[in-house]
Amino acid sequence: MEWTEERAAALREARCVVVKVGSAVLTTETGVNLAVIDSLAAQLSALQESGKRVVLVSSGAVAAGRSALRDCCEIAGMPHKQAASAVGQSRLMHHYDEAFARYGHLSAQVLLTRDDLRNRERFLNARNTFQALLDWGVIPVVNENDTVAVQELKFGDNDCLASLLLNVVEGDLYVNLTSASGVYADNPQTNPEAGILPCIEDVHTLDLDVMCGGKTSVGTGGMYSKLLAASRAAQLGVPTLILPGREPRILERAFSGEPVGTWVRPEARVVSRRKYWLAYQSEPSGTVTVDEGAARALLQQGGSLLPGGVCDVSGAFEPGALVRIAGPDGTVIAVGLSNYGDRDLVRIKGHRRHEVAAILGDAHFPEVVHRDNMLLDAVV
């Protein structure tokens, strides 16, 4: 199927759409742009009325808090930023509640940390809550809980949060509203003549360092993080549409068939939702470097990682931790759950199965990472 036909069909047939909007679209130097919020509420309400489930991931709390506190407080450092988020989140949600009510819809605030999604029980509880809200016709407005999140439990940015949320709500279309017109073929900051890519077949083939500029002044992620999120979505079989969020009626125009923005195609080889959860539940705790034979067995034969193929171990981690698996050249080829902690793995690396038994005793696993607990070509 041609990508234009694929795009038209996906927009038409999507059942659950996750829409992410960034601070650069939502806010100005003086605070929240109420006209943008009203337009967004109108378009999302129309999408829901067309029979689609809608989940909104919205940045803007910190920026809204900065605006409210501008005349009385100087915001410097993480504690101040988290406090500004607490001030801004309530104001941001108030604006959304009022805007959706004007179009006859209820909205609900959902604040998450990465720990909420990496713990399997809490992940399933979050899924049940979202399903109840969507069954009721309520539009969830999701943001990272910046006020309580510590650095190691942060998503990093809301692009990452949205890509993980696709797995929670079983989304089948991801729309990212940005301050750019789409994805440029080159860095527009250094090449003003760079044009918009209408379609990206595979994010892995792009030179992201060349194409993408730095982070925006009000948000936490630039186009680089948006493409990483799109690549993660593609692994789930979910296409991404990156749109210019500041343009009038942009969602309405896109869903009506206007060829705006950049379409990122899903991968043909889709991973299971369980493997996706395993891979992206948290940041990897360490790296296991393997030899060429082991890398070939993983990538070409779908095998598990055995102790004999391990040639180096870095980082401190316990059994059951998520680790990167790197090839001989250092390129990450997979992530997975290690059956061994770093100390035992250092002892058994390069050894055959019978040698492992002699080193560790009978209580050992034949695999370092079982293929069922591994995701190849993960974007980490």
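Each Cβ is built from the backbone N, Cα and C atoms, and glycine gets one as well.
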Let me know which member of Asn128, Asn158 Swiss-Prot also records as binding substrate at the site of Ser59, Asp146.
Asn158
How far apart, in angstrom, are the most distant Cα atoms among the substrate-binding residues Ser59, Asp146, Asn158?
11
Once the chains shown are all counted, how many other Cβ atoms turn up within 10 Å of the Cβ of Asp146 (substrate binding site)?
23
Fewest other Cβ atoms within 10 Å: which of the binding-site residues Lys20, Lys226 wins that one? Let me know.
Lys226
By DSSP, what is the split of the domain 'PUA' (285-363) into helix, strand and coil residues?
28 helix, 22 strand, 29 coil
Could you state the CA-to-CA distance between Ser225 (ATP binding site) and Asn158 (substrate binding site) to the nearest Å?
9
Cα within 10 Å of Ser59 (substrate binding site) is the criterion; apply it to the binding-site residues Lys20, Met223, Lys226 and give the hits in sequence order.
Lys20
